[in-house]
Each structure stands twice: as C-alpha cells, then as structure tokens.
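Peer 1: What follows is a single structure, and I will ask about it in a moment.
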Amino acid sequence: MATATVLEKANIGVYTNTNHDLWVAESKPTLEEVKSGESLKPGEVTVQVRSTGICGSDVHFWHAGCIGPMIVTGDHILGHESAGEVIAVASDVTHLKPGDRVAVEPNIPCHACEPCLTGRYNGCEKVLFLSTPPVDGLLRRYVNHPAVWCHKIGDMSYEDGALLEPLSVSLAAIERSGLRLGDPVLVTGAGPIGLITLLSARAAGATPIVITDIDEGRLAFAKSLVPDVITYKVQTNLSAEDNAAGIIDAFNDGQGSAPDALKPKLALECTGVESSVASAIWSVKFGGKVFVIGVGKNEMKIPFMRLSTQEIDLQYQYRYCNTWPRAIRLVRNGVISLKKLVTHRFLLEDALKAFETAADPKTGAIKVQIMSNEEDVKGASA
C-alpha cells in the first residue's frame, strides 16, 4: 500500500433515507482508515473525490425514494458522477499511483457473467452501481474503488472529469443508435443529458439538429453551446402529434407540410417523458429510429400503429459500457467541450443547498457540482 501526503479532513458523505431527508455526516472509510490503508482491498485505490455532479437520479432518490425497482431502504449515500485524486493504492496495483488524477467509473461488475464476458458489462445482473440502492455512492470526501474502474484524466479539470459520466451516457446512445454523418437529428429535452447529447451529435456529424424543451432558458443555453442548433419550445397544451408537426416545421423553416419536407432520421429522446417519447415517434421519417436515453415511468402509452405503419425502430439503452476512454480523448483533444455546463458549485458541507438548487427549475441550473475543497470551488469559478 502506498499513500500520498497526510490528510486532515474527516470523511463525510451526503445521505438520504426513506423519510426523504438529506444530510451530511461521517462516512466510510474513516480518516484513520485512509491514513493507515487498512480498509483497502486488493486491486483497490483510495480516491480523494474532488468534484461530483448531481444527477437527476440523485434528486429522484431523495424526493421519491426509488427509481423503478431500485429502492432506498435505509441511510444511503448519493452521487455517481465523480473525479478526484488517487491518494493510496493497494500493493498489487501498478498502473496507478498517488497523485494521479482520475475519473471514477461508478460500476463494479462481476466479470464472470455473459454480458461481462462479451464486453457488455452494463448488463451484468450482479453489478454494484454506486449510488443505486443498496450500494452507496461517491458523494464523499474519500472512497475506495477498484483501480480498473478509475480512468486517468491527466491535466483535465476535475469538473470535466466528473462530466465524463453523463458524456458516457450520450456516447453510448450515439454509438448504438447508428447516427451517421449528415443525418438530420432530433434531440428531445435540453437538460444536462440532452445538452451533452446535442454536443455529441454535433461532433458525430449530425445536421441539421433540432432540440426541444418546455423551458425557453434551456433552449437559449442549447443555442449558446451549439449556435446552429434549431430550437423548438414544446407547447404543453398541444398533443404529441401537433408538437411533432411543429418540430417538423422547425426542420424546414416553417414549411413542414411541403411534400419534400425534411424529417429527422433519428430522434435521441432524453427526457423519458411519455408525451416527449410520443412526439419523437410522430416526428421521425418512415424507417427512422427513436432512441430513448431518458429514464421514465414503469409503463407508458405510445402510438403503436405509428411505429408499425412507418417502420420506426424504438430502441433503448441501459447506462453505458466501454465509453470512458473515448470520452476522455474527446474532451482532452477538444472535440467536445463541457466547460459551460457547470452552472453552480458548492462545497461538500453545503450539499443541501446544492441539491435544493439542482431540484428547483427557477434557479436555471444546468449541472450542479459538489466539491470537496474550497480552493476547487474558487478555482473552478474563476
């Protein structure tokens, strides 16, 4: 076991529970365990987590206590979008050393089942995915994690390193959806995943791109990220089919009813909302595809006959696999820039304020990140 410099701050984490409380309290491993290395298992490293993004799923676990069958049953630590510094390594770890900057891929698959052995470890039924109950998450000052799932990020900022997790979600969608250069693409939802998917689709050569949302502010933010994106504000008083007509108009400068009107070949659905999925289905061309990234309710109504008579493929994804090295290259080489996405930053001790900001649409927050050190907050904001 090798360690970095002596640390003084106690380990604390951000918890929720079945009563939907949210609080900060002491966490494992303890500072004493970090200093001694006694909590490290073979193959693990200790990471001082420097930056963690708040995901919509974190807010949902706090407010609702569950996502589908994943249920909070006791005191539970949130967070799975993290980057930090390696401060200790087990004796059998040779490719990482104290001082290395890493992004933490928050899953621990079994490495023995068919999905794992065929390279699709996101399908591992025994996977331990950090922040998904009952597995505690990364919103802690220190965490032990298998070294194989800690990816070196070089001089990349910890902010960008934490954003590699949602970027991985969008990269999985881009790859599995079959997006090609020049494809007209619809992105539904201008939240963090939708915005990162917009950046990814543009980098992959999609053109033109229309992005939708119910919030004018988020559409304006999308325009600031990708100036040539076309925006469409979803009208909540209209049917999914009528909103689709407006979307097709947006692709065609208001001439969506013309015989030769362009329709998207691919819709990347980033909300999981029933009406948005339906609008995407009504929008795409004959033989097109609706690829659902967003997580929605257990059951929803969709226009089945539209799918059938238009030969529209409806496809889904579950997390990601084998995306992190590519995500790192894309960010480090400037192909995708994530720098504008973090709009609010808070210290770990102020996690309640951070979550309240992330959960309140009135704040205009895009991505809220929680940082372990005051200098990280000040440095990132500068």
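In case you wondered, yes, glycine gets a Cβ from its N, Cα and C as well.
From Swiss-Prot, for reference:
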BINDING   CYS55, HIS80, GLU81, GLU165  Zn(2+) 1 binding site
BINDING   CYS110, CYS113, CYS116, CYS124  Zn(2+) 2 binding site
BINDING   PRO192, ILE193, ASP213, ARG218, ILE293, GLN317, TYR318, ARG319  NAD(+) binding site
Peer 1: Per DSSP, ASP213 (NAD(+) binding site) is which: helix, strand or coil?
Peer 2: strand
Peer 1: Run through the Cβ atoms and count how many others sit within 10 Å of the one on ILE193 (NAD(+) binding site).
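Peer 2: The answer is 24 other Cβ atoms.
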Peer 1: If you run the three-state DSSP split on ARG218 (NAD(+) binding site), which class comes out?
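Peer 2: DSSP assigns ARG218 (NAD(+) binding site) to helix.
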Peer 1: Which residues, sitting 6 or more apart from TYR318 (NAD(+) binding site) on the same chain, put a CB under 8 Å from its CB?
Peer 2: ASN122, GLY123
Peer 1: In whole Å, note down how far the CA of ARG319 (NAD(+) binding site) lies from the CA of HIS80 (Zn(2+) 1 binding site).
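Peer 2: The Cα atom of HIS80 (Zn(2+) 1 binding site) is 12 Å away from the Cα atom of ARG319 (NAD(+) binding site).
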Peer 1: Pick out which of the binding-site residues CYS113, CYS116 has the most other Cβ atoms within 10 Å of its own Cβ.
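Peer 2: It comes out as CYS116.
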Peer 1: Between ILE193 (NAD(+) binding site) and CYS55 (Zn(2+) 1 binding site), find the distance joining the two CA atoms and give it rounded to the nearest Å.
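Peer 2: Their Cα atoms are separated by 9 Å.
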Peer 1: Look at each of the binding-site residues, ARG218, ARG319, and point out the one with the fewest other Cβ atoms around it within 10 Å.
Peer 2: ARG319
Peer 1: Any idea what the Cα distance is from GLU165 (Zn(2+) 1 binding site) over to ASP213 (NAD(+) binding site), rounded to a whole Å?
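Peer 2: The Cα atom of GLU165 (Zn(2+) 1 binding site) is 22 Å away from the Cα atom of ASP213 (NAD(+) binding site).
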Peer 1: Can you tell which of the binding-site residues GLU81, PRO192, ASP213, ARG218, GLN317 lies nearest to CYS116 (Zn(2+) 2 binding site) in space, using Cα positions?
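Peer 2: Of the binding-site residues GLU81, PRO192, ASP213, ARG218, GLN317, GLN317 has its Cα closest to that of CYS116 (Zn(2+) 2 binding site).
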